[in-house]
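Asker: Dumping what TrEMBL says about this protein:
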TRANSMEM  331-353  transmembrane segment
REGION    375-427  region 'Disordered'
COMPBIAS  380-389  compositional bias 'Polar residues'
COMPBIAS  400-412  compositional bias 'Low complexity'
COMPBIAS  571-584  compositional bias 'Basic and acidic residues'
REGION    571-600  region 'Disordered'
TRANSMEM  682-706  transmembrane segment
TRANSMEM  726-747  transmembrane segment
TRANSMEM  768-786  transmembrane segment
TRANSMEM  843-862  transmembrane segment
TRANSMEM  874-898  transmembrane segment
TRANSMEM  918-940  transmembrane segment
TRANSMEM  984-1004  transmembrane segment
TRANSMEM  1016-1040  transmembrane segment
TRANSMEM  1052-1070  transmembrane segment
Amino acid sequence: MLTLLLLLGTTLAQNITPVGRCRCGYYDAITHQTFTESIIVYFNETTELPQDVLSVQEYSHEKEKGSSAVYRQGARSENVKIGNSSTVPWLQYKVNPNSLELFVDPTTEDHLVVGAGVNSRRQDIIFGSFRARIQSPQPWTGGSALSMNLIFNESQSLELHALNADNASDAHLTYLVNGEYPDLLLSTNYTRIRDESTPPVSPWDFINVRIDWIEDAVNFTVANNVTRAITSKDREIPSTPSHQVFKHWSTGDANFMRGPPINRSATNIAWMRLFFNSSLMNAEGHRRFDAQCSKEEICNMDDITLRGSSSYAPQALIPYEEQPRNIKFRIPAAIVATIGASFGFVTLINALISRGSWDRFARLVKCRGRKRSLEKQPEVLSNSTSASNICEPELSFEPSSSASNGNHHNGSFDSDPDTDPLDSQGAARNASDIEVDISLANAENTKPSILDGMPSRGSVQLDISIRNSSIKQKISSLADHRASLFQCRTSLTERRESIATERNASVTAREAFLNGRRASLGQRIGAMVEHGTWQLAQRRASIAERKASMAERKASLYEQAIEELVTRIETQERRRSSGTDHARFGRQKSHSFSGMPSELVGKEPTIEINPKSFEILKIPAKEIMSQQREEARRVLFKIEQPSLINPDYVLRKDKLEQSGDLSNATSKVITPIMPPKKRVDYLAGLVALSCIIVTFVHFTLTFIPYVGGFGTGQHYSYEEWGRRIATPYFLGHTWIGLFFTTAARFLAQRYLQEGQLSNIANRTLLRAPRILIPVVIIAMIEYFMIDLGLTGSLQYLPSISWSTWPHVIKYPNFGYFINSMIELAFLIPNAAPQVVNHFCVGVLWTIPVQLQNSYLVLLGAVMVKDIKKPWKRLAFYTFCIVNHWYALSWGSFFWLGLAVADLDITYKWIKLLQARPVVHYPFLILMCIIAIAAPTFNLLQDPLGYPIISSERGWHPDHETGLPVAQTPRAGYPNYYEPRLNTLIFAGALQVIVELSAWVQWFLSLPVFTWLFPHIMTIYLIHGFVFWSLGAWLCVTLAVRGVPYWGNMLTVVIVSYSVLMLAAVLLTIITERPAQSVCRNMWRWASEEPIAKLSTLFPYPKDQFSNRTKNDHKDSQDTE
């Protein structure tokens, strides 16, 4: 066998065909393509690298592209050799068993992996057939890649990579075009190459690889099998001149080659045969080349006797530069866009000038100032003069609610028979002094109303005011305008003295006509008033009939309500005197409707009455029937009526009496003097502190991964102490639970205090839009920002920060964004929504948790309100918390927050403990110990290696199999969106500490925290984008410029958080205002009765414009 090999080598050495004979190019019988240039090198036939066609690479990258590339690559000439380090047995017995060896060294302390590479000196390679015989890195030596590339830039490239991976079973070849992501679908595993190749080959030995590149197609061939074929219909084909590169390298990319090698790793190239065209030859040169050659003179690419390389001009060594784009074709588009923008700008300016927008803005500012000054007044404002209605237009429709307007009893409407729906001035005013006030409620005189034909709608009051000054101003402006027209006509006549006499006559006639129109203006106004008076007179009779029927109905309902109230009072007296009580009688109080006042809320079926007013316990009911009737009238007089503006409006008898005129006062709704809502500052500070800590956790995971818990290496030795001390207690998963416990308290606090189901209805209806609207707005902003490439530096950040945690990808299109938002609203925890892959920092997994468990808290608050025994409530809370914890549900956090709120509001446990220092301080110390012990789980899990968190997760049932998680393939460390026991313990203990410790409350009530509280939602949503766009760019830029990493981080943290706070203040307006507006309107639509629909021309007749032609004709006849 050895003799045959020697003979074969000798024969081949004697039969060599130099490429100089192939002046007509090289032909490929498979692809039927002909190329003009060649580079052919057999490394077993030489002892040194041919310097005229190949050059050795030497470089050291300052940054590396790749979401998991935590190492930077380099190359040096010492790692390129021609020798024999092959492990293939048969190669050692060849005549000259040398090959080109490319080595990769182990990584340095600053994460630089130095490899080796050679590239063609020619830069003019375009299209061709590129062939080589390579041996990939050997198995179990650490992940690295042997690459055969044709590269111009990231978007114009052809790549073939042989990857040995860390595990030999994962070794594969990958074929990429134009910077594609190295997906496994674009790869061929070594096992498949071994099993399906004909004849069979070992992928760990030398194998033939080939890239065929033509204008409209690319084929990748391994071991004579086409493994990937691409055409221009599939994707864009590279079309720019490039150079050939062979290199052995590693960046430790976990999604690509993995690694890097622990020891020095080698790979080999036996030969390379490159056939291609030159970009220096234009189309005319190709035609001349084809004309002077025949097929017989063309060499065959498969001829293994070919040796040498084609000669080339010096211009072939110059890298290709992309020609500047021709923008001439964009000039028309720019012109059209400019014209359109100009028209829009002129239109906007014209609208601002002609419509008097600046005057309206000044009036609006003045009205807002008056509104703020009125809001500061301590007295109660009536609905007619409320701050919300000061700046209404002159023609306004104001909803109101009053007892005399209409006492809503099962939706009925009552009217006072002693009042008139029109103003006392009636319609007998002059045309210039018109002021009409139309009300369905109360007025002094009985004048006909133009609204009598409309159905009555509860306590709706319509006030229509046409101010005297407004009418005068309009008439004056009309006269001035017509006077100016007359002056213009006169001046025009003076300037055109040469115009014929008949033209002057026509102008004179036109002026006379205008004077006639001006004279008829007063007549038309008088006719309008007369027409309105006639309409009012026609409705007078119907007014009287309605008043009578409404008076009877009100009287009957009034007596019925009094009788029912007296009956309830008697029933309550009997129950209290008999000392009987039953659990079911307590349900009415806890489920009372928000529209009922405290005087009518009590035990079922009675209402709770003030004992001082009725003295039920002192005097029997039969002896004080008349007194009870009087008190019943007083209580009935104070019954709340659902208002179209605020369901909390009530009537105050004392305020009505102070008004001096009860008949007029009853048509007004007076708001009660409500104490301002108090925000618990220390709870707001707790949420703000938790939010800032969570942002710093994400900052650490992005820029200082070793402190955050990742094992990708440390920049400085003291990061080890940060990982052992700071991470378990301040940078762990434990702080996220405080968001949920505090949210539960805020949700249930008002209902636990007041016991009104309207609070539950409000939270249930508005919770979802209140959370989702800011999320959708920020997500859409990030959608466009990411699409613009503002997170482009994030691809280079892992090679600087050594963190593989940050990762974000673009949406394929806007439909994916809509789908992600819908999924986010309906996703059931525990799960990670799809939006986390397209959103900077995956914090949006908490949104489904908040939504689902918000309804859980609201329902739970209604349930616990009916549990009267304290021990039963405690048992119920314990049962719910334990079961949710065992089910791996975040509901345990919300039940815990609800329990703390209930203990504080219902049982006043904080005051009880603070009044007993002997119990208070030991209990507080115990909570502090628990709060410190809970994060210690993280210390035991990570630095000390005891898997306590993983073991705790294994106790819970698997949702798919029902088995303990420890017995399923999903066993191990919990996912970031799954609850943990130490997080629950820490949240509960710290919540109790905050409630009990005055020092902690003082700290959390500092102005900095209270200032941050309104912006925490915005900070929570946008901090990831600030870190992954501005922070990543700044970090990479400073690293490339050689700034030490500690200085780099100090600069990044200051700049990032400064921009974050500024952006939060600006974006809070954009996110909160729409959310508040939508919630306010939704609650109004859901809780208020809609206003009756009015005609478009109201209050004018429907034929106001249809009879205009007739009136004009009539006026012209009168003029004649």
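Any Cβ shown, glycine's included, is placed from N, Cα and C.
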Asker: Counting only residues 6+ away from its ends, which parts of the chain sit with a Cβ under 8 Å from the transmembrane segment (682-706)?
Answerer: 712-715, 719-720, 722-723, 727, 730-732, 735-736, 738-739, 742, 745-746, 797, 801-806, 841, 843, 991, 994, 1000-1006, 1009-1010, 1012-1013, 1016, 1019-1020, 1023-1024, 1027-1028, 1031-1032, 1035, 1049, 1052-1053, 1056, 1060
Asker: Counting only residues 6 or more past its boundaries, what in the same chain has a CB within less than 8 Å of a CB in the transmembrane segment (843-862)?
Answerer: 590-591, 694, 698, 736, 739-740, 743-744, 747-748, 751-752, 757, 760, 763-764, 767-768, 771-772, 775, 779, 824-825, 827-829, 831-833, 835-836, 880, 890-891, 893-895, 897-898, 976-977, 1020-1021, 1024
Asker: Assess whether the transmembrane segment (918-940) lies in contact with the transmembrane segment (726-747), where contact requires at least three Cβ pairs under 8 Å among residues 6 or more apart in sequence.
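Answerer: Per Cβ check, the transmembrane segment (918-940) touches the transmembrane segment (726-747).
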Asker: Would the transmembrane segment (874-898) count as touching the transmembrane segment (1016-1040), if touching means at least three Cβ pairs under 8 Å and pairs must be 6 or more apart in sequence?
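Answerer: Contact between the transmembrane segment (874-898) and the transmembrane segment (1016-1040): absent.
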Asker: Mind checking which residues of the chain, 6+ beyond the ends of the transmembrane segment (1016-1040), have their Cβ under 8 Å from one of its Cβ atoms?
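Answerer: That would be 62-63, 687-688, 691-692, 694-695, 698-699, 702-703, 774-775, 778, 782, 785, 790-791, 793-794, 796-797, 800-801, 806, 808, 839-841, 843, 1047-1049, 1051-1052, 1055-1056, 1059-1061, 1063-1064, 1067-1068, 1071-1072.
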Asker: Using a Cβ cut-off under 8 Å, which residues of the same chain at least 6 positions beyond either end of the transmembrane segment (984-1004) come close to it?
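Answerer: Beyond its ends, the transmembrane segment (984-1004) has Cβ neighbours at 681-686, 689, 734-735, 737-738, 740-742, 885, 892-893, 896-897, 900, 904, 910, 913-914, 920, 923-924, 927-928, 930-931, 933-935.
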